[in-house]
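S.K.: Below: one structure in structure tokens.
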Amino acid sequence: MDSALMHDATHPDHHSHTHPYNTTSSDFGPASHLFPAILQVFVVIFTGYATGRAALISETDSHGLNTFVSRFALPCMLFRAMATMNLSIVNWTMFTSILLSKSVVFFTVLVLSLVLSSKPRQYGRAGIFAIAATQSNDFALAFPIVDALYGRTHPELVPYIYLLGSVSLLILNPIGFCFLEFEKERKNRSLQQGRQRQPKRRWLRTGIHVLWSICSNPINAMTFVGVLANFAFERHIPEVLDKILAAFAMTFSTTALFHLGLKMVGRIKQFTGFRLVVPALLILAKLLFLPLVSRAVIGHLQPGRSSNETEDYANFGFLYGSIPMTPTVFVFSTQYDEQVDIVGTALVLGTFISGPWMFISAQMLSIQSFNIARYTSILATTQMQVGAFGLLCVMWTVVIMMVNGRWRRIPHIFVMGLLSFQFLSCLGMLLWRLSENSDSPWQHYAQFSVFLLGVLGTRVWTAGIAVGLWVLNRWGLCALLRFRWILMFLCLGLPVLATVLTLALGEHSRADLNPAFHYGQTQVLVSAVVLTVSLVLSLIGIVGAQLSSSSKKKPTTRKFSVRTSSSSGEYSARQALIANQDVELDDIPKREDRSIPDIIPEISGTPASEMEIVPFEEPQQDADSYDAFDAAGLHPSPHSSQNVRLQRCPAEARHTSVQRDLCKQLTQEYFVQDFRTTGKRRRPDRSTAGECDPEVPEDHFEQNRHVVLVLFLATSMLVATFLCFWRMFVDNSNAGGVFIELEFLDGVLVFGQGCVVMAIFGFDMRSPAWFSRIKRIFLNWRSSHI
């Protein structure tokens, strides 16, 4: 690499004394420095977090630390670094690669945030999300880790941390500030309705605000002044000034990391389900999408003079992209009052997730060469072991969902389809291991068909779950009940079609490193198409469901009068419901000649007509619609407003009378069948109805669990998609540590899906009526024989 820059990087007057985490003096390899560097960084962060939780430092003291770090320590460190760097020999192709990579991620997040936001467009939200997805914690967290890994082997890469930090500070962030200032100006204008400003003046005002915020920021100003001082002092700062700057610079790292821990206190506020979607997507964009794009762009632009040098730059770009978000983004969001909770949650979760992610990535980056035969054997063994465990987890989850009766619910029925294809993928991997040395072509076709059908099917069913959540939240339960068979047919048919095309057009070969890719470029191309379409649909579906869930207002529900007496004087099922007792299906008097509408009123104890059983909104009377489940006495709680809304037909649907009758029938059949399957419900205790925190039963659709599942599977598809495009455009003979890491990660994520599904759905031990009845008979028999 550039020898002059290497000399500058190793010279003690230039950068080695600017950071307290310098480990270049050790005689051990770079991997031995990595774990201590990561450990000391996160120990300082955790100390700050513990101090904040214990309230040992007040909010005023924390604000003082922030002022010192942002206005004194960091500007001095940046000035000193930029003033002593040899800019004339910087590899500007490398700089351009990182600029392009960050720009791709920045504008992708910006455009998607604008497109997917509800009207009016939320420009401030788009701006802060774009900044959050690209601005790394370069100086406090990235420097010690990069210095530990490259300080001895490639010291010329360490000063790039300061240079690359300016990409966000001086180029991309001002674009985000324009959107934030525009949103701020629009909010102010809405508060001052009497004052009308001309569009040209408004844009001029916004531009002046952005320019002033950039120039008045000490970090930006000292970075620019440092570049000027580099030419004025010819990279040699006067000794007196240098010692003063060094005194401030040496205090930055520990103080900044400690302050980061303080900022994490109380930033996660019940972010579950749909509320977790946006923070999770920001973390994925920052920790996974940006490093993958960075490595791809660097590999394409070839900044090195040789393939090995380019590989070093590409590995450095991957590690640099995996650095988590900086706390400065949270300061921006607080300053503009824009998505504070979401940015705070992404900051906390992303920082802690980045620890093991950076450690694994850096360890794999240190691999310069590997034995192909040994790698293939280890990868195959890992996939088989994970597949065997995943197969057991899938079987366990299927049994649990069959026992508790949730397998027929919406959208649990789509999870059952996903489990079926996860079973096929794990089974196909085990069959491949057993028939690895077989020469029978039909045995191979049978094994690989099961395997490929299962893998592609899990991708398509993930998109099916996301689309189902979107339909459920956007158009209601009735629409999903009518649409589910079409959706399930597509989820079944598309994997079969893709598998047939792969086997018909591809040519079998065992030359590939990964035993899961034995049909060459044909399989890679088909997999890439399926993955790309499924990933896009999954993200659109989950974001659309989140927007639909948050945009609709809570509906008004009717209060129902329920009779508490029975004409027969006997203890009936409806009395048990009112008394907050478990009701079993056997307790309901049976009549063979009754229709579905006749059953529900008897359960509730309330006489109801057909329209009262399954209500629908009139086009102009939203408040008059109410919930069939509530009328049936089967609704978990009047507090579950989300359930109420999801079970109604939206007013904008404008159904005809025939369609409305069909929706009535479908909804009635669904709830009655669910009651027959699960067997019992529990109403909240009426004695606690007036309390501030009454008992709130579970969500009937359990959407929070499905959201977490889709987010995990989308992460798996993102890794697999990148691998497929890597195989299409990069020769595997040039594969390095990153490729090996992604191959192993992809194998674990694909065949370990069953473990995640079991963790989400496999521990719901509630049993239906028939299971409880069998259990009671067994216990009675056992007690009679003791």
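Placed from the backbone N, Cα and C atoms, the Cβ positions cover glycine too.
So TrEMBL says this about it:
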REGION    1-22  region 'Disordered'
TRANSMEM  34-56  transmembrane segment
TRANSMEM  68-89  transmembrane segment
TRANSMEM  95-116  transmembrane segment
TRANSMEM  128-146  transmembrane segment
TRANSMEM  203-232  transmembrane segment
TRANSMEM  244-262  transmembrane segment
TRANSMEM  380-401  transmembrane segment
TRANSMEM  446-473  transmembrane segment
TRANSMEM  485-505  transmembrane segment
TRANSMEM  525-545  transmembrane segment
TRANSMEM  707-729  transmembrane segment
TRANSMEM  744-763  transmembrane segment
S.K.: Using a Cβ cut-off of under 8 Å, list the residues of the same chain at least 6 residues beyond the transmembrane segment (744-763) that approach it.
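M.R.: For the transmembrane segment (744-763), the nonlocal Cβ contacts are 379, 382-383, 386-387, 389-394, 396-397, 400-401, 406, 412, 415, 418-419, 422-423, 425-426, 429, 455, 458, 514, 516, 705, 708-709, 712-713, 715-716, 719-720, 723.
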S.K.: Is the transmembrane segment (34-56) close to the transmembrane segment (525-545), in the sense of at least 3 CB pairs under 8 angstroms with a sequence gap of 6 or more?
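M.R.: Answer no: the transmembrane segment (525-545) and the transmembrane segment (34-56) share fewer than 3 Cβ pairs below 8 Å.
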S.K.: Same chain only, please: residues at least 6 beyond the ends of the transmembrane segment (485-505) with a C-beta under 8 Å from a C-beta of the stretch. Say none if there are none.
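M.R.: 413-414, 417, 421, 445, 448-449, 452-453, 456-457, 459-461, 463-464, 467-468, 519, 522-523, 526, 529-530.
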S.K.: How about long-range neighbours of the transmembrane segment (380-401): same chain, 6 or more residues beyond its ends, C-beta under 8 Å?
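M.R.: For the transmembrane segment (380-401), the far contacts come to 407, 412, 415-416, 419, 422-423, 425-427, 429-430, 433, 515-516, 744, 747-748, 750-755, 757-758, 761-765.
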S.K.: Which residues of the same chain, at least 6 past either end of the transmembrane segment (446-473), have a Cβ under 8 Å from a Cβ in it?
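M.R.: That would be 410-411, 414-415, 417-418, 420-429, 431-432, 435, 479-480, 483-484, 487-488, 490-492, 494-496, 498-499, 502-503, 508, 516, 518-519, 523, 526-527, 530-531, 533-535, 537-542, 544-545, 548-549, 552, 646, 701, 703, 706-707, 709-710, 713-714, 717, 720, 750, 753.
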